[in-house]
Amino acid sequence: MTVRSKSRARRTLPLHVVLIVVGAVMAVPLLYAVLSGFKSTDQLSDNPFGLPDPWVGSNYTGILGSGSFWRLVGNSTLIAVATTVLVVAVSALAAFSFARFAFRGRELLFTLFTMGLMFPFAVAALPLFLLLRSLGLLDNPLGVILPQAAFGLPMTIIILRGFFREIPGELEEAATLDGCGPFGFFWRVLLPMARPALGTVSVLAVVTSWNNFFLPLLVFTDSTWWTIPIGVQQFQGQYSADTARVFAYLVLAMVPALAFYSVAERQLVGGLTAGATKG
Amino acid sequence: MTSTFLPDKRTGPGVDLPPPSAAAARGRARRRVFHWLTAVGFQLPALVLFIVLVLLPILFALYAAFFRWGGFGMPSDYIGTENFTRAFDDPVFLGDLWRCLVLVVLSLALQLPFALAMAVLLNQRFRGRAVYRMLFFAPYVLSEAITGVLFSMIFAPGDGLADQILGSVGLDGIGGEWFADPSMVMATLFLVMTWKYFGFHMMLYLAGLQSIPKELTEAALIDGANAWQRFRSVTLPLLAPTLRISVFLSVIGAIQLFDLVWVVTQGGPDHHSETMAVTMFQFGFKRYQVGYASAISVVMFGISLVFALAYQRFVLRRDLEGATTTMRGGGK
C-alpha cells in the first residue's frame, strides 16, 4: 500500500509543480492588488512584496464610504437586471416558436439569428450610436439595455431552443387535450420545466452586461449612469498618482463579479460550453 | 423532438370533423394561416429588437461606407469605394490586419495548446482540482476594463510588480517598457490575454474531455498504447469538434478585440497595439470621419463573415452534429 501510494505521489509530483506554478501566475496579480490596497502609496513603492506594515484600511473604507462607488454598483445592477429580463423573456418566446412549431420560413429565420453570433459588436457600434442619438437615448440606461438585449438574442435563443426541443412531445399533447393553447403550454408547462436553462442564460446575460465596456463608453457621456467598468477606467485616470488607492478600487470593483461567479459557477460554465458548442 | 403544433393536428374540442367540401379546404387554409401567424407572433418581439438594433445598423454601416460623411444629417457626398481604397493604403489599418494575424497565430500556437494541457492535467482525479479549475477560469468573469487597469499597473515600467519581480532576481529590463515599448507591447498584451482567456478554452476542453467514454481509453490501454499514444490517437480525435469551435471563437475574438486595448494603450505607442476596432473608434468617435470608420467596420464584418462561412463550410460542417450530441449534458 505505502509503496504504491509513494510511487503515485512521485508520479503526480510534476503535475503538482506545474499546477502550482500556473496557479501562482494566475493568483499573484489578484493577491498583489488586494494587499496593495492595504498599503499607502509610499509603502507600496518601498515594500512591494511584503505584507502591509502597518495595514492601511483607509483606501478601502474611503471608497466604500463615498456615494459614487455605490452609484456605479447600482447602475451596473439595474442595467444588468433589466437587460437579462428583457433578453430572456423575448428569447424564450422566440425559442419556443423555433422548437415547437413547424412553419414556413423557420429555418431562414433561425439562420438569421445564428448569423448574429458572427456580427462583431464593433461593426454595428457606429450606426447604433447614431440611431440612439437620434432616438434621444444617449445618457439613458435604455440606450445600453436595448442594444445589449438585442445582441444577446442569438446565444440565448440557441441555448433555449436546444433545451425546449428536449421536452417530450407527449407533454404537449397532454396539455393540448387538457385545453391548453400554445401560450398556455408555454407559460404553464414549458417555462417551469425549463428553469435550469433559464437560470443558465440569465447568468450569462448578467455577466455579459456587467462586464460590458464598449456600449456604456459610447452611450454615457456624463457620469450619472456610468457602470463599474467605465468607473474603473475613469478612477485610474483621476488618481493615477495614488497607486494604492487605484488597487483598492480595482479590488472592490472585482468583488461583485467574483462573488457572483462563486455562487453561479455551474450555470456560467455550463452556459458557456453549451452556448459555444450549440452555436 | 417532433413539433405537435402542426396545422393538421389542431383538432381541439372546437374543431368539427371536416366534411369533404370546398368549405373544408378553405377552413384548413385559414387554420394554416392562423398557425403561421401564431408561430411568427412568438418571434415578433425578438425579431423587432434584432432587426432594429442589430441588422439595420450593420446595413446602414454598409451604406455609409460609400460616403464622405461626418455623422450629422444623412450622408450625401457619395465617393464610391474611396474609403475602402484609403483603408487598404493606410499603414495603420494594414498594421491592424497584421496585428490581428499575429494574435491569431500566437493564440493558436501557444494559448490554446496551453489551455489543452491544463485541461488534460485537470481532467485527472486529485485533491484540489476544483480549486485550480475555479482559479484558472476566474479572470474570464472579470471585465476587460478591470483586467486592463490591473495589468497596466502591474506592467508599469520601473515600479510595477513585473519589473519589481524581475529586478529582485537580477533580470532587470527584460521586459523593457512593456506596454510603452513598441517592440514589446503586443507580447505583453498577449500575455494579459492569455491570463484572461485561457481558462475559458480550458473549460470547453474539460467539458469535451469529460464526454469521452472511459471505455475507449481503457481499451487502448489494454491494447498496449502508452499515455502519449492514447492521447494522440483516442483523446485528440474525439476532442476535435471542441477544438475546432474553440479555434473559431479565438479567431472571432481577435478580429473584434477592443476593450482591453482601449483601456491599456488606446492603440499606442504610436499605433503599435492598435486593432481594427480601435482604428474604427478613433475615426468614428474622435475625428468624426464616420464614412471612413464605417468602411473599416464593413471590412471587419467582411473578414468575420468570410472566415465564419469558410470555417463552417470546410471545417465545422462534418462534425457539428457530433459536437451537439456529445456536449448535450453541458448545460446541466
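Just so you know, glycine gets a Cβ as well, placed from its N, Cα and C.
Values in this document were obtained by computation on a predicted structure and should not be read as measured data.
What TrEMBL lists as domain 'ABC transmembrane type-1' is B:97-311.
Sequence annotations record features per position, and here TrEMBL assigns region 'Disordered' to B:1-21.
The transmembrane segment annotation in TrEMBL covers B:36-66 (among others).
Packing against the transmembrane segment (B:101-122) from elsewhere in the chain are residues 129, 132-133, 136, 186, 190, 193-194, 197-199, 201-203, 205-206, 209, 231, 235, 243, 246-247, 250-251, 254, 257: each is 6 or more residues past its ends and has a CB under 8 Å from a CB in it. Residues or ranges marked as transmembrane segment in TrEMBL: B:101-122 (among others).
Taken from TrEMBL, the feature transmembrane segment applies to B:134-158 (among others). Here the transmembrane segment (B:134-158) has Cβ contacts under 8 Å with residues 118, 122, 175-180, 188, 192, 195-200, 202-203, 259-260, 262-264 of the same chain, all six or more residues outside its ends.
Annotated transmembrane segment per TrEMBL: B:178-198 (among others), in sequence order.
Listed as Cβ neighbours of the transmembrane segment (B:238-258) (distance under 8 Å, sequence separation of 6 or more from its ends, same chain) are residues 100, 103-104, 107-108, 111-112, 115-116, 197, 201, 204-205, 207-209, 212, 216, 275-278, 281, 300, 303-304, 307-308, 311, 315-316, 319-320, 322-323, 326-327. Annotation comment: TrEMBL describes B:238-258 (among others) as transmembrane segment.
Residues annotated as transmembrane segment in TrEMBL: B:290-311 (among others).
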